[in-house]
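S.K.: Here it is: the structure, laid out below.
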Amino acid sequence: MYRFCLILIMAVLKCFSDYIQSYFLICAVFPGATSFLFTEYRYLTIFMGVFGAIIFLFLGSVKGFSTKSEPCTYNTGSLCKPALANALFSTIAFLLGATTSVLSGFLGMKIATYANARTTLEARKGVGKAFIVAFRSGAVMGFLLAASGLLVLYVSIHLFSLYYGDDWEGLYESITGYGLGGSSMALFGRVGGGIYTKAADVGADLVGKVERNIPEDDPRNPAVIADNVGDNVGDIAGMGSDLFGSYAESSCAALFVASISSFGISHDYTAMSYPLIISSVGIVVCLGTTLFATDFVEIKNVSEIEPSLKRQLVISTVLMTAGIAIVSFFALPSEFTLFNFGSTKTVKNWHLFFCVSIGLWAGLVIGYTTEYYTSNAYSPVQDVADSCRTGAATNVIFGLALGYKSVIIPIFAIAIAIYVSFSMAAMYGIAVAALGMLSTIATGLAIDAYGPISDNAGGIAEMAGMSHKIRQRTDALDAAGNTTAAIGKGFAIGSAALVSLALFGAFVSRAGIETVDVLTPKVFIGLIVGAMLPYWFSAMTMKSVGSAALKMVEEVRRQFNTIPGLMEGRAKPDYATCVKISTDASLREMIPPGALVMLTPLIAGTLFGVETLAGVLAGSLVSGVQVAISASNTGGAWDNAKKYIEAGASEHARSLGPKGSDPHKAAVIGDTIGDPLKDTSGPSLNILIKLMAVESLVFAPFFATHGGLLFKLL
């Protein structure tokens, strides 16, 4: 009896020990993430004020700050509100979009930091319980983002209409500032968070795993807390702001094009609200879809995790297709006209059903293609892992080749979606196709956020010294999460291409450009400069990660060399110094890439005019999408090739291992090179092409009136 009581007491103490250690780790990670985001948001608040003033001054000067009503640009014969009102309400919309984007990122980070520890604790009961917690936490973030973005946009439209009344042209032109605000915050969130997390990750891996041969997330590693903080501020907060930006811009592009078509001219409110209704139906569909992962089908073993996540994509796509059909036939008139570059195009309601649906299914094709090229269950990643036999050089060569090849199918999917949607419904068709791809954003964000949550859960298990079995379960969750995170990035990049093209069309219409002729010197110089911008941007972000990682590696080495007993576990590392290195580097280094993106449209439009700016937008779109897909998939493949060797789940994988072997060290080097590609440069590029397009649309009246100063002087 005494022995039984002793065993029981020890079990209870062990249980409480796990809880206590998890709590203390949350206390280390959460304040670090919160402190970084608050510091970042202080900088961004200044930016919001300055750029808001620029929007007001530039747009207000179009008509000399006149307060008189002006003839409408598209609805000829009617009077629209003055340009000064457009300047004021565009500024307000910009601030609303920026604030909503910031809140989306911050609340997502807060949800994730608590979910990390809960997932770790549930892993003691089994992999199925841990999966449910991780997935539901991601779903909460997905629904929060989708619902808040839709709610703020809906309320803004109704509040603005109190002033604009029947002037829907001016109302929805000013609403485009909402997309600009969301995307500008997403840029700094993605770049700043990406630099933070990858500086810590690279430093922790190179010194800890390669030089010191200690496990990943080992508490002896000085950079381990910074790494876990980075996962929350980069992969969660940054990614949340990114997808919110896409969501806001696709809605704004569709609403603007509709406002200058028969919907807006005839004031058909139901048809005008078609993009918002599609998004609303998407939330309901995604709510039902999540039940298949958490309630209807129980996860019993590791092999069921990844198929369950992939089923989410298929089920949400099928259900959403039915939802689109219902909305298209009940919310739209049977026949209507859409604006088509100076002319009108007669469209039927079933045309829009096909436009939205093809965007939705193109997203599924991109998601599955991304999964094929980044999951270690298929031959491409296994070939990359096998190349590690001969060292890091061949690993890098194989990884780059995989990334370039992975571009082919997504580009064809995007091209087909563009051709079909434009043929059926002109630029409005492309805008709603982008909205279709993002209509299941809540599910996409759920499976995307699931990855970083599972990754951090594994880190907490390692740092808390939990059993090997728990770590195996969290590693299994993390392995599936790596693939789903890559799928999420594929969705974001694909939707960015469609959103950017829709915004590009709206800009061309608003700027009064009849044709964009690439043989015209003004357009062609913009085209080649625009195609160069993604490479310039990538160079800046990659170098920023490299510089920060260099300092991190030196600091981690210093601590291992100078702190007695650190390797033996008798002394604690100085986590705070590593956190400070990542924080200072990310806040400092996020400014130049952000300035490049924000200033390029202003400089090109003001000095060279709308035709050159149109070339810049087209060039950055064509180049940026392909560089982004390649970078994201290359980094994802290297990451999963490393995990393939570490897991040793097959005879081939075991022949390359174990951890610490030469092939494993080569895989770690490839993974380290890929970190800034898949988590900093690649995801940020889709924001580059969207942000430049929506910024050009917002400032189009100014560029059309005062742009091209340099050519005027010549």
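A Cβ is built for glycine as well, from the same backbone N, Cα and C atoms used for every other residue.
Curation plays no part in TrEMBL annotations; they are all automatic predictions.
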S.K.: Among 83-107, 683-707, indicate the range for which TrEMBL gives the feature transmembrane segment.
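M.R.: Checked against TrEMBL: transmembrane segment maps to 83-107.
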S.K.: I'm validating the feature mapping. Which of 6-24, 519-537 is tagged transmembrane segment in TrEMBL?
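M.R.: Going through 6-24, 519-537 one by one, TrEMBL gives transmembrane segment for 519-537.
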S.K.: Cβ pairs under 8 Å with the transmembrane segment (127-155): which stretch of 313-331, 351-369, 426-447, 519-537 has the most?
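M.R.: Top-ranked stretch among 313-331, 351-369, 426-447, 519-537: 426-447.
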S.K.: Can you work out whether the transmembrane segment (396-420) touches the transmembrane segment (491-513), with the criterion being 3+ CB pairs under 8 Å where the paired residues are 6 or more apart along the chain?
M.R.: yes
S.K.: Among 272-293, 313-331, 426-447, 519-537, which stretch has the most Cβ pairs under 8 Å to the transmembrane segment (351-369)?
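M.R.: The listed stretch sharing the most Cβ pairs with the transmembrane segment (351-369) is 426-447.
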S.K.: Cβ under 8 Å, sequence separation of at least 6 from the ends of the transmembrane segment (519-537): give me the contacting residues as numbers and ranges.
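M.R.: Answer is 593, 596-597, 600, 604, 608-609, 611-624, 627-628, 681, 684-685, 688-689, 692, 711.
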S.K.: By Cβ distance under 8 Å, which residues at least 6 away from the ends of the transmembrane segment (426-447) in the same chain are close to it?
M.R.: 135, 138-139, 141-143, 145-146, 239-240, 243, 246-247, 250-251, 253-254, 257-258, 261, 274-275, 278-279, 281-283, 285-287, 289-290, 309, 312-313, 316-317, 320, 324, 338-341, 345, 347, 351-352, 355-360, 362-363, 417-418, 420, 484, 487-488, 491, 494-495, 498-499, 501-502, 505-506, 509
S.K.: Taking the transmembrane segment (41-62) as the reference, which of 83-107, 272-293, 313-331, 491-513 gives the largest number of Cβ pairs under 8 angstroms?
M.R.: 83-107
